[in-house]
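Pulled from Swiss-Prot:
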- Glu69, Asp87, Ile89: Mg(2+) 1 binding site (BINDING)
- Glu69, Ile89, Asp90, Gly91, Thr92, Arg185, Asp214: substrate binding site (BINDING)
- Asp87, Asp90, Asp214: Mg(2+) 2 binding site (BINDING)
Amino acid sequence: MTNWTEIDEIAKKWIREAGARITQSMHESLTIETKSNPNDLVTNIDKETEKFFIDRIQETFPGHRILGEEGQGDKIHSLEGVVWIIDPIDGTMNFVHQQRNFAISIGIFENGEGKIGLIYDVVHDELYHAFSGRGAYMNETKLAPLKETVIEEAILAINATWVTENRRIDQSVLAPLVKRVRGTRSYGSAALELANVAAGRIDAYITMRLAPWDYAAGCVLLNEVGGTYTTIEGEPFTFLENHSVLAGNPSIHKTIFEEYLHARK
């Protein structure tokens, strides 16, 4: 039988150790490469951090599998058993250019169910963590259940790309929403955006394409505070594929989906 309390304690220890290693690396020169496009950055620290987790998971939990952004884990085609979904540095562009607004993100799943979610804002030493059925926390502070919000008073996290000409959604769909809400924010790290939704600092987050390692941990957090998340089509996540994401408190999710996203059909 899986000892989830032990896994939770060990994962928290590892994520803080990895954060300390990243902090130390900020005083050293980075090796920066590009992946799918010139703005899709990866550094030697991304790769080293992913390897840090893989080495420890394989040694401590040899039966567990790993889905990592940098491709050093396993080839995952199902979520059978225990699977760690890891983004060693979510917000690499921020890490390179700002040395802030990035996070380590780890979701741990068993047979497709999110059991543990960890998002560590390294620079601010804020660890958002959730254990299925036991609540969500920021460090030692328990996160409150999300409150209902009217759209006119909502803070929406959205990248400006989605209200300009792009190939994923007509810019006219979301522009009226941006005008209607109280304000918008963009942090450049999907994990931190989802953590901020779970913490009630922002009311909703919308984006057109995220990989499983971008959203897995955040979804575990949202489960524990009563948040809602789907694709922009209203479909559930597979946690194996790239998806669009609409996440927020239930009332805001419902309003955005019904009045803006579903209406576009």
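Here the Cβ of each residue, glycine as well, is placed from N, Cα and C on the backbone.
It should be emphasised that the depicted structure is a prediction, and the values quoted were computed from it without experimental measurement.
Annotated features, which come from Swiss-Prot, shown on the structure.
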| residue | record | contacts (Cβ under 8 Å, 6+ apart) |
| --- | --- | --- |
| Glu69 | Mg(2+) 1 binding site | Asp46, Glu50, Ile86, Asp87, Pro88, Ala211, Trp213 |
| Ile89 | Mg(2+) 1 binding site | Ile22, Thr43, Ile45, Asp46, Thr49, Phe95, Phe102, Ala103, Ile104 |
| Asp90 | substrate binding site | Phe102, Ala103, Ile104, Ser105, Ser189, Ala190, Ala191, Leu192, Trp213, Asp214 |
| Gly91 | substrate binding site | Asn101, Phe102, Ala103, Tyr187, Gly188, Ser189, Ala190, Ala191, Leu192 |
| Thr92 | substrate binding site | Leu41, Val42, Thr43, Asp46, Phe102 |
| Arg185 | substrate binding site | Ile155, Leu156, Ala157, Ile202 |
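In the three-state DSSP reading, Thr92 (substrate binding site) counts as helix. Each residue in Glu69, Ile89, Gly91, Ala103, Ser105, Ser189, Ala190, Ala191, Leu210, Ala211, Trp213, Tyr215 lies on the same chain as Asp87, Asp90, Asp214 and has a C-beta within 8 Å of the C-beta centroid of that Mg(2+) 2 site, without being one of the site residues.
For the binding-site residues given as Asp87, Asp214, the lowest number of other CB atoms within 10 Å of the residue's CB is seen at Asp214. A strand conformation is recorded for Arg185 (substrate binding site) in the three-state DSSP classification.
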